[in-house]
Amino acid sequence: MDIFIVTGRIITILPLLLCMTIFMGKRAIGELPVFDFLIVITLGSVVGADIADPDVQHLPTVAAVVFIGVLQRLVARLKISNRKIGKYITFKPTIVIQDGKILRKNLKKIRYSIDNILEALREKDIFDISQVKTAVVEANGNVSVLKQPLKNTVTLEDMNLTTKTASIAFPVIMEGQMYPGVLQKFNVDEIWLRHQLKIQGVDDVSNVFFASINEKLEIHISLKEEPEVTVPPIYN
C-alpha cells in the first residue's frame with residue numbers, strides 16, 4: 001500500500017515543483033544567490049520528507065511548496081524595488097585581483113584559495129595573472145574578469161599576424177613556498193629567482209603570496225601585503 005502512496009505523491013509533486021520553479025523564474029535556477037539556494041534546499045527537504053515517509057500528510061506538503069515559491073517571488077520583487085533588502089540577504093561582490101595583483105586579504109574574507117582563482121581564470125582562457133586588470137567574485141560565486149587594455153582579444157586578421165602559441169605563466173611561488181620543479185623546467189635555479197625578486201624589491205621569499213614565471217623568464221609577483229594597490233568600490 002505504501003508504494004502506491006509514494007508513487008502517487010511523486011506523480012503529483014513533480015508537476016507542482018515544475019510549475020513553482022517556472023513561477024520563481026530563471027534567476028532562481030541559473031544564478032542561485034544565497035536566498036535562492038536556501039529556497040532550493042528547503043524545497044528539497046520538504047518534498048523529500050513527503051515522498052520518503054508515507055506517514056507525512058501530503059496536502060500540508062503541497063501547501064508548503066506553494067508557500068515557499070510565493071515567498072521566493074515576493075522576496076525577489078522586494079529586492080528589485082529596494083536594493084537595501086538585497087544587500088542583507090546575499091553576498092557582496094569581492095575584488096580578488098587588481099592590476100594583476102592578488103588581494104590576499106579579500107581571498108581570506110570569502111574563504112577562496114589561490115587554486116580557486118587560478119582555476120576560474122583558466123576557465124576564462126586566462127593563464128597569466130598579469131593579464132588581469134580586475135577580477136571580482138560575484139555574489140553567486142562566479143568570477144568576472146576585466147583584462148588589461150593591451151590584453152583584450154583582437155582578431156589575427158586585424159593585426160595581420162600568423163597564429164602563435166599562447167604564453168602561459170606557471171606558479172613558481174605560492175604562499176612563500178618555492179617550486180624548484182618549475183625552476184628546473186625553465187633551466188634556472190633558486191639563486192636566479194631570489195635575484196629577480198630583489199630586483200623587484202623583495203628581499204624575503206616568505207613575503208611573496210604568489211609569483212609566476214613565463215617563457216620569457218618574466219617574474220610576476222603578488223605580495224602578501226599589497227599597500228600600493230587601490231581597490232575601486234564594487235556594489236551589488
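Cβ from N, Cα, C; glycine included.
The model shown is predicted, which means the values in this text are computed figures rather than measured ones.
The average pLDDT the prediction assigns to the domain 'YetF C-terminal' (81-213) is 86. The domain 'YetF C-terminal' feature in TrEMBL is assigned to 81-213.
The list of residues near the transmembrane segment (6-25) in space but at least 6 beyond its ends in sequence, with Cβ under 8 angstroms from a Cβ of it, reads 36, 39, 43, 47, 50-52, 54, 58, 61-62, 65-66, 68-69, 72-73, 76. Residues or ranges marked as transmembrane segment by TrEMBL: 6-25 (among others).
For the transmembrane segment (32-52), the residues of the chain that approach it from at least six positions outside its boundaries are 6, 9-10, 13, 17, 20, 24, 58, 61, 64-65, 68-69, 71-72, 75, 89-91, 139-140, judged by C-beta separation under 8 angstroms. Taken from TrEMBL, the feature transmembrane segment covers 32-52 (among others).
TrEMBL lists 58-76 (among others) with the feature transmembrane segment.
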